[in-house]
Amino acid sequence: MDGPLPRRASQQSGYTDNESLFSESEDPNRIVTRSPENRFKLGYLAVMGLVINRMIGTGIFQTPARVVQGTGSTGATLMFWFAGVIYAFSGVHVYIEYGLNVPRRTIGTTERGVPRSGGDLNYLKYVYQKPAYRPDTLLFIASLFGISFIILGNMAGNAISFGMRILEASNTEVTNGAVRGIAIAASVVACFIHTFSRKGGILLSSLFAVIKICMMLFIIVTAICYGTGTFPDLPDSTIDRDETLSQNLSPSHAFSESSSSANGYAQAFLAIIFAFGGFEQPNYVLGEISRPHRTYPIAMAASVSIVGVLYMAVNVSYMVVVPKQMQIDGASVAESFFRLTYGALAQDDNTGARIFSAFLAISSLGNIIVMTYTAARVKQEIAKEGLLPWPKFFGQNKDLSFGRLLRWAQRTRIINRPFGSILRLRWLAPELHSERTPVGALVLHLLTCAILLFATYGETPQNAYLLLTGIAAYVVNACFGSLLAAGILYLRFSKARDWRHKATNIHPWLSVAAATIYLVGNLFPVITSWVKPDKSLSLSSGAIDSSGILSADDRETSGNPLSWFLVPTVGWAVLGFAALWWLGAAFVVRRIERHTHTEFTIEREFDFDEDPPGSGAYVQVHETVYLSWKAREILRDMTMHGDAGVTGMVPDSFGGYPGMGGGGFVGGGMNGMNGMKSMNVNANANANDYYGRYP
């Protein structure tokens, strides 16, 4: 249900954090969120850091072997990687088109796009508005994406990878218990960082982005040094460096012996698609970006360009060092690369493999940091849809920051006396470190991660990593990516949606072309994952990793193979569970409404500002969401006379317009029910009994 006309933030006076805190304690069904202050918002470098840190993961180290196995030639392999760059830019265009134009808000008399956090959730809701329990309330697509993302959109897979690789890099035995313990510890630390210091978490993400760029450059420089003869040959090595260079990169040999298997090419491109995933991260936190209409598209395009160039250069570097047959034989190309270079310098301590594992550990930890920050914001928006119990806890921001600790320390004599001079340093001013963070959403993020870590305890760490990352990529990236791309095409060709006059900042032909490429790229793995891979392409693990390939050591320790169909099967099971969740939510709401003669409503109130001032580009700076149960008589009166016609009728127990008391969908209680009774409205207070039954 739509709230009142959105207002500019400047029209509000006297709204302070203290009032917000007071209202939080008074109305448990009112969720208030504000965008960060301008000094805390993300600039160009921070946004680029999110994209680069997320995109450069384990894929660039493990995928190349899978690609060359599928294509059979180094020339086709490089062409496929270039196709991956085109796919990534198509996806970037799709997300920019959505991000700058959805959701639509009426400001004054003009409807315009206002960027906000939440990413895919906002865009899917805008395109697929039916089925829904009631218009704008309990949308099916919101449940389908929301519940799936809550289950899969976490750091469990990367946490397991970090645990494995950090043990391998330190020459320590890899055991299931040790890996899970490190994974839990890494997850807790990541959530703690983003709870305690939002700014610190963002800086850490940017630092990892710089480190990953340096890692890519390190590989490129190493290949150049290898080509000039800096590294010695391995003992008893029969590799001819000039022949390797000729066989892999010369036009006359690069396309020889190309594969004739369609399934091989399918698996190769599938691996590349997942290696390029992660560019959508800024859309998850779009409401926290400074001047998003300019900063966001420029930073997105620049960061994906950097990653695309680095990926192509790194793959050429692999071709310079690793012979084609060694790549096809199944060993990880990156591991072979380090063994042939740095392994030749120190042959007794497994230096090459340890460097390889260290690079993978850094990549995994960086992904944990960035995913914790962005995914928590999405889960916060999901909580506002009324689909979860305790929506206020999961949807509200809280101040548990370092700045709050500093304020407490300055007020505490026993601390202030010995450390007063330090606490008075300008850098330790509490206002510089006081930020609200989605504490409840971070708790939910950590909880689902821990559940997945323990649920897969019966599998070896490698198999658990393959399963978790594969399912997440299949559902979140491929399935919902297909829906987003199809949504752009629907908006473009639907006259009723009038998208041409809404998305005036996007060229129509470029929009259609990008959406088509992105749709084909995402449908490809959705469909081909049900095709049994050729035996020549199957790994001993039997699983198709989102990264693409297991290393030689992994194949020895991965345990019993996973069935090739397990990833898509579990993926569709998660989607089915999300659909059943929506049916259950609709059933519970309907039952409560019948017994209490109320209707469940979701109302939103917004405030906007021009960013920058005078630009005509608006950003959302404040949102209040009311999850309430309203008496049907009041709703009819509001429909006939407008909100003002019933304002005087609403007693204080409703909490004031437009909250009007009532409970949130689940766990919210029935505040204001006494007020309904005083108005002789037949609203049965026993509705409370139903809340506890909702999952």
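Just so you know, glycine gets a Cβ as well, placed from its N, Cα and C.
What TrEMBL says about this one:
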- 9-23: compositional bias 'Polar residues' (COMPBIAS)
- 1-30: region 'Disordered' (REGION)
- 42-63: transmembrane segment (TRANSMEM)
- 75-96: transmembrane segment (TRANSMEM)
- 138-157: transmembrane segment (TRANSMEM)
- 177-196: transmembrane segment (TRANSMEM)
- 203-229: transmembrane segment (TRANSMEM)
- 265-286: transmembrane segment (TRANSMEM)
- 298-321: transmembrane segment (TRANSMEM)
- 355-376: transmembrane segment (TRANSMEM)
- 439-458: transmembrane segment (TRANSMEM)
- 464-491: transmembrane segment (TRANSMEM)
- 512-531: transmembrane segment (TRANSMEM)
- 570-589: transmembrane segment (TRANSMEM)
Closest-packing stretch to the transmembrane segment (177-196), where packing means Cβ pairs under 8 Å, from 42-63, 203-229, 298-321, 439-458: 439-458
Dominant neighbour of the transmembrane segment (42-63) in 138-157, 298-321, 439-458, by Cβ pairs under 8 Å: 298-321
Annotated stretches the transmembrane segment (203-229) and the transmembrane segment (355-376) touching (3 or more Cβ pairs under 8 Å): yes
Beyond the flanks of the transmembrane segment (512-531) by at least 6 residues, Cβ under 8 Å: 86-87, 89-91, 93-94, 97, 263, 266-267, 269-270, 273-274, 473-474, 477-479, 481-482, 484-486, 488-489, 492, 544, 565, 567-568
Tertiary contacts of the transmembrane segment (75-96) (same chain, 6+ residues out, Cβ under 8 Å): 64, 67-68, 251, 254-255, 258-259, 265, 268-269, 272-273, 275-276, 279-280, 283, 296-297, 300-301, 304, 307-308, 311-312, 315-316, 319, 481, 484-485, 488, 506, 510-511, 513-515, 517-518, 521
Region pair the transmembrane segment (265-286) / the transmembrane segment (355-376), three or more CB pairs under 8 Å: yes
